[in-house]
Amino acid sequence: MAPNTDIGLIGLAVMGKNLVLNMVDHGFSVSVYNRSPAKTEEFLKDHGESGALQGFTTIQEFVQSLKRPRKIMIMIKAGAPVDEMIASLLPFLEEGDILIDGGNSYYLDSEQRYVDLKKEGILFVGMGVSGGEEGARKGPSIMPGGNIDAWPAIAPIFQSIAAQVDGRPCCSWIGTGGAGHFVKAVHNGIEYGDIQLICETYEILKTRLNLSLEQIGNIFFEWNQTDLNSYLIGAAAAVLIAKDENGNAIASTILDVAGQKGTGRWVAEDAIKAGVPMSLIIESVLARYLSTWKEVRTKAAQEFPGIPLLCQPPQEASAFIEDVREALYAAKIISYAQGFMLLKQVSQDKGWDLNLGELALIWRGGCIIQSAFLDKIHQGFENSPEAHSLILQDYFKKVLFDSETGFRRAVLHAIGSGVAIPCLSSALSFYDGYRTVDSSLFLVQGLRDYFGAHGYERRDCPRGEFYHTDWLETKKTFRV
């Protein structure tokens, strides 16, 4: 009889398979189960020679093969399939066993599973895993949350297989309930913003300087040696430069209709519910929706050719490229600032006590948004933990101050020439709104009071005191 294994994994799609192989590489024995026995058999045939893998065709045998407390990682489609799998496992589990959902589950679903399984004596962990296929195989960024009692038993496994940066694993305990999956979702939302900013930057360079895919790819490659060094800038350079066997640019064949799996929309909705102005992430989600209207956009382009105010390209190409680089970096700061504002707000609302600086360290390796920039964020939270946002931390204040002129020039060029830049323009608008002392929003309150008697606060009175004006007759104001 084979010895019991260290951990079990359910779901042998790409992410599941690569996580298993990563665990085996780090000396852990793994039991695997897939609803399709053929997939399990094929996986064992390809990778079972080490003896560290065991495959099973029934849930009961799978569970019985594990060392106690049993540690089971579920890597299947989010939603109802996860609940169905948990229900099928429960009859064979014992108090103290650990269930880990490593998929892209919505954090409120994870909160409910945490509560429900705690009643059964089962330790539930909602674990965000970022890095895609390559990260899962070579070292992902891992964000575990849920029942803290599970952490001592699973930490040796997941901190071993996680990406390592400066000798530190990109994996640490996040918080209770759905904290792990929420942090992963915000990561994905920030990723949406990063990608959209890169796309808009590409479009400005292409339109205003008439540059080729390869030329812009080379610019991105150069930028990747600067403060903008990141996985996504490097990936964008690689995609733009790549050629097929005939020497043609592969990127030129890709249809401009962008897909999404829903995590960006979740974060946009969560930001609105939390009252956090996460405008870049929201705009990046909307840009993908607009991209799906390909036929409508094609017709609209014929009906509305546009009336550009800027017809001539910039006089100094190199200076303009630097303006665009500054715009990208400034907008990236604002995007991350918004993301961390949401993390901070929801952490306060939920009582998670998230360590925001630690999150920046977890994201430095193995994940899609990994970048040198995250070190600056960690340092910022270490040096100025009381700051309302990244924007008010010393390093980022200086960057925004130094890059503001180039940022504005790049946005002016784009808008003046009819280039859609929803995230870059949103970033600049947020920056200007954030630093505005007296905004026009007083008129919102005046109008709400005019048509709905909602009341308003006065500039010359303490906050929290509300007043109503009889706008239609006496014009008298009184406290309500």
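Any Cβ shown, glycine's included, is placed from N, Cα and C.
Copied over from Swiss-Prot:
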- Gly11, Leu12, Ala13, Val14, Met15, Gly16, Asn34, Arg35, Ser36, Ile76, Lys77, Ala78, Asn104: NADP(+) binding site (BINDING)
- Asn104, Ser130, Gly131, Gly132, His187, Asn188, Tyr192, Lys261, Arg288, Arg448, His454: substrate binding site (BINDING)
- Lys184: active site, proton acceptor (ACT_SITE)
- Glu191: active site, proton donor (ACT_SITE)
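Locations of recorded Swiss-Prot features on the structure.
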residue: Ala13; record: NADP(+) binding site; Cβ contacts under 8 Å, 6 or more apart: Met75, Ile76
residue: Met15; record: NADP(+) binding site; Cβ contacts under 8 Å, 6 or more apart: Met75, Gly102, Val129, Gly132, Glu133, Ala136
residue: Asn34; record: NADP(+) binding site; Cβ contacts under 8 Å, 6 or more apart: Ile10, Gly11, Leu12, Gly16, Thr40, Phe43
residue: Ser36; record: NADP(+) binding site; Cβ contacts under 8 Å, 6 or more apart: none
residue: Lys77; record: NADP(+) binding site; Cβ contacts under 8 Å, 6 or more apart: Gly103
residue: His187; record: substrate binding site; Cβ contacts under 8 Å, 6 or more apart: Gly128, Ser130, Ser141, Met143, Trp363, Cys367, Ile368, Ile369
residue: Glu191; record: active site, proton donor; Cβ contacts under 8 Å, 6 or more apart: Leu232, Ile368, Ile369
residue: Tyr192; record: substrate binding site; Cβ contacts under 8 Å, 6 or more apart: Gln260, Gly264, Val267, Ile281, Ser284, Val285, Arg288
residue: His454; record: substrate binding site; Cβ contacts under 8 Å, 6 or more apart: Gln445, Arg448
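In this structure the C-alpha atoms belonging to Gly131 (substrate binding site) and Lys184 (active site, proton acceptor) are separated by 11 Å.
Cα separation, Lys184 (active site, proton acceptor) to Asn104 (NADP(+) binding site), rounded: 8 Å. Here NADP(+) is bound by Gly11, Leu12, Ala13, Val14, Met15, Gly16, Asn34, Arg35, Ser36, Ile76, Lys77, Ala78, Asn104 per the record. The longest Cα to Cα distance in that group is 21 Å. In the three-state DSSP scheme, His187 (substrate binding site) falls into the helix class.
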